[in-house]
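What TrEMBL lists as domain 'OTU' is B:64-262. The active site annotation in TrEMBL covers B:72, B:255. Under the heading active site, nucleophile, TrEMBL lists B:75. The feature site 'Interacts with free ubiquitin' is assigned by TrEMBL to B:211, B:225, B:227, B:251, B:256.
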C-alpha cells in the first residue's frame, strides 16, 4: 500500500500556489458565425459537478494543500499553478520535494473530469517534457495509483490526488520505470482508466 | 508474447466496455428506487422454483409490499436512507432527533479526520434532502412522501445521500476500529477496508457496513434473507441485535430491496 500523506522527515517545504488568471476570452465562434453554446446537458448526471469543481478550484487557490487530511497544518506538497477555465480539464504543476530524488524537478499533471465527477474519478496523467522516472509512472504519463480507479471515493479531491502523487514520488528510493513499461506504452489505451490495473504492493 | 500483451490491452477495453453496457442497461431499465410493488411480484422471478416459492409464501405472511432499488452496488445505502426517511416522515419526534444528529455528524467526521472540504459539500446536500422531507412541510405526509420519491430518483441527490452515508459508516469503523477489526477477513487493516470497501461508490455492503451505519445513526434494521438455504422459511436478522427495527430490507444474494410489513 502506498502510504498516503507521508510527512517528509526534516524540512517541510512551503507550498505555494499561483493561479494564472485566464484572460477573458471572446466566446468561441463557429464557422457560421454564431457563438457556440456551452453544452450543459453533459452535467445532468450529477447535480453539482461544475459547482464542486468550482469549489475545488477556489479552495486550491485560497488554501494550498495541507500535509494531510487529518488536519495537519504542515504542508508537504508544492502545488504551483492551476491554469484552467472551470471546464473539464485542469493542468496542475507540481514540484519535486526537497530532500527527495525529484528535488528541483517540475512536473505537470493533467486532470480530466467527466460528467459524473466526483462520483467517477478524474483521469490523471503526467504530461509535458518531464515525466517522472518512477516505478509506478509509465513513460507515457500513466500513473498506477489505486485511488485513481477502483479506490476512488467522492470524498477525495484534486487536492488529495495531488498529495497522493506527491507522496508517491517522495517515497521513491530508486528512479526507474515500471518493469513492463515498453510493452504497456505500446499497447495501452490513451485513457489510463481503461487499463485494468494490477496494483503492486509496497512502493519502494 | 507481444501479441498476447496486445490482446491483453484490447481485452481490458472489451471488459470495461461490456461493464459499461451492463451498467447502462441496468440504469435504463431500473429506476434508482421503484414504486411500491405487491410482494407477490417476486413469484414471477422464481417461477417454478420450489424453494423460493415456499419462502416467498412465508415472506408474504409478514410483508405486503416491496420497493426495488437499482442493483448498482449502492443498494443497501439507498434502501436504508429511503426506508428510514420514510419512517421519519410519519414520526415527527424521531425526525427532529435524527435531523439534529445529522446536523452534528459533520463536525464529528471532521474531527475523525475526514477532509472538511469535500465533506461539507455532501453534508450540505444531505441536510437539504432531510429538510425537504420534514413531516412539518406544508402539504402533509403524502406530499412529503412523493417529494422523497422524487429526490431519490434524481441521481445527483440520491448519490450524494449514498456518499454521505458511506462516510458516516466509514467514520464509525474508524471510531471503533478495535471492535470492527474483528469482523474484517484477511490482511486488511480497518484503514484499508474503509478506503477500499466503504468510501468508494458502487462497492457492495456487507454485515459490517450495516452494523456500523445502524449503530452510528441509532436506527434498527431488520434484514430478511431470501436464499437457497434450507428450511422453507425466510430468516431475519436485526441490526444492531435487539433493537426494534424501523427499516425492513430483503436481501437476495448481492442485493437489497425495501420491504413493507403488514
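Glycine too: its Cβ is placed from the backbone N, Cα and C atoms.
In TrEMBL, annotation is done automatically, which means it is predicted and not curated.
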- Out of these recorded sites, B:225, B:251, B:256, which one has the fewest other C-beta atoms within 10 Å of its own C-beta? B:225
- Task: Any same-chain residues 6+ apart from residue B:75 (active site, nucleophile) with CB under 8 Å of its CB? Would you list them in sequence order, or say none?
- Result: B:69, B:204, B:205, B:255, B:256, B:257
- Nearest to residue B:227 (site 'Interacts with free ubiquitin') by Cα distance: which of the recorded positions B:72, B:211, B:251 is it? B:251
- Query: Taking B:72, B:227 as the recorded positions to compare, which has the smallest set of other Cβ atoms within 10 Å?
  - Reply: B:227
- Message: Using Cβ atoms only, which residues of the same chain lie under 8 Å from residue B:211 (site 'Interacts with free ubiquitin') while being at least 6 residues apart in sequence?
- Response: B:183, B:239, B:240
- residue B:75 (active site, nucleophile) falls, by DSSP collapsed to helix, strand or coil, into helix
- Excluding its own, the Cβ atoms lying within 10 Å of the Cβ of residue B:255 (active site) add up to 19
- Averaged across the domain 'OTU' (B:64-262), what pLDDT does the model get? Just tell me the whole number, please. 94
- Could you check what DSSP calls residue B:227 (site 'Interacts with free ubiquitin') once collapsed to helix, strand or coil? coil
- Using DSSP and three states only, what is residue B:211 (site 'Interacts with free ubiquitin')? helix
